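The structure appears below as structure tokens.
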């Protein structure tokens with residue numbers, strides 16, 4: 001028996017990951033102003049990992065209020081380079097700036113998942129991956145962005161490792177699912193513990 005999971009997100013990629021794992025999923029996008037929640041957290045020195053957890057919890061809690069009794073999953077991912085937190089680039093120039101800043105350096109992807117039922121947090125987890133980009137020539141960055149187009153605007157790092165973006169990297173440390181935005185293995189383990197999925 002599988003309980004329906006309400007995904008507090010409009011992300012087709014996260015929904016597809018959950019469906020591919022055999023879960024019964026309904027997407028209900030959260031109505032949360034992420035930047036308004038995030039700004040005071042960053043100003044007070046909250047870690048990028050904890051920012052991701054707070055945002056994931058806010059999304060799950062907001063949707064949980066609209067879906068009484070449902071098991072709601074909230075997710076968020078932050079990218080940090082030292083103390084700097086990156087957001088999805090707004091345009092191709094922003095994507096170019098992201099890749100120039102990340103070139104030759106190691107950044108961290110922090111993927112948070114939170115399960116909530118009736119406003120009560122049942123579980124929270126953040127997976128962390130270290131991503132080392134190779135040194136990128138500005139000309140190569142321009143050609144790469146021309147190749148991938150608007151896909152560069154769909155992720156916080158302006159790349160998708162499941163596609164052409166893998167060519168940007170020298171070394172990756174961490175779980176694939178964490179890198180693409182959802183710590184799936186720990187989530188599945190918790191869903192089994194809760195009896196929400198068979199296992």
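Backbone N, Cα and C atoms are what each Cβ position is placed from, and that goes for glycine too.
The site 'Important for substrate specificity' annotation in Swiss-Prot covers 13 (among others) and is backed by sequence analysis. For residue 13 (site 'Important for substrate specificity'), other Cβ atoms within 10 Å of its Cβ number 15.
Summarising the annotation, Swiss-Prot assigns active site, proton acceptor to 76 and lists sequence analysis as the type of evidence. Cβ neighbour count for residue 76 (active site, proton acceptor): 28 (other Cβ atoms within 10 Å of its Cβ, all protein chains included).
As annotated by Swiss-Prot, site 'Important for substrate specificity' applies to 77 (among others). Counting every protein chain shown, the Cβ of residue 77 (site 'Important for substrate specificity') has 28 other Cβ atoms within 10 Å.
What Swiss-Prot records for 162 (among others) is site 'Important for substrate specificity'. Every protein chain shown contributes to the tally, and the Cβ of residue 162 (site 'Important for substrate specificity') ends up with 11 other Cβ atoms within 10 Å.
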Original post:
What recorded positions among 76, 77, 162 are found with a C-alpha within 10 angstroms of that of residue 13 (site 'Important for substrate specificity')?
Top reply: none
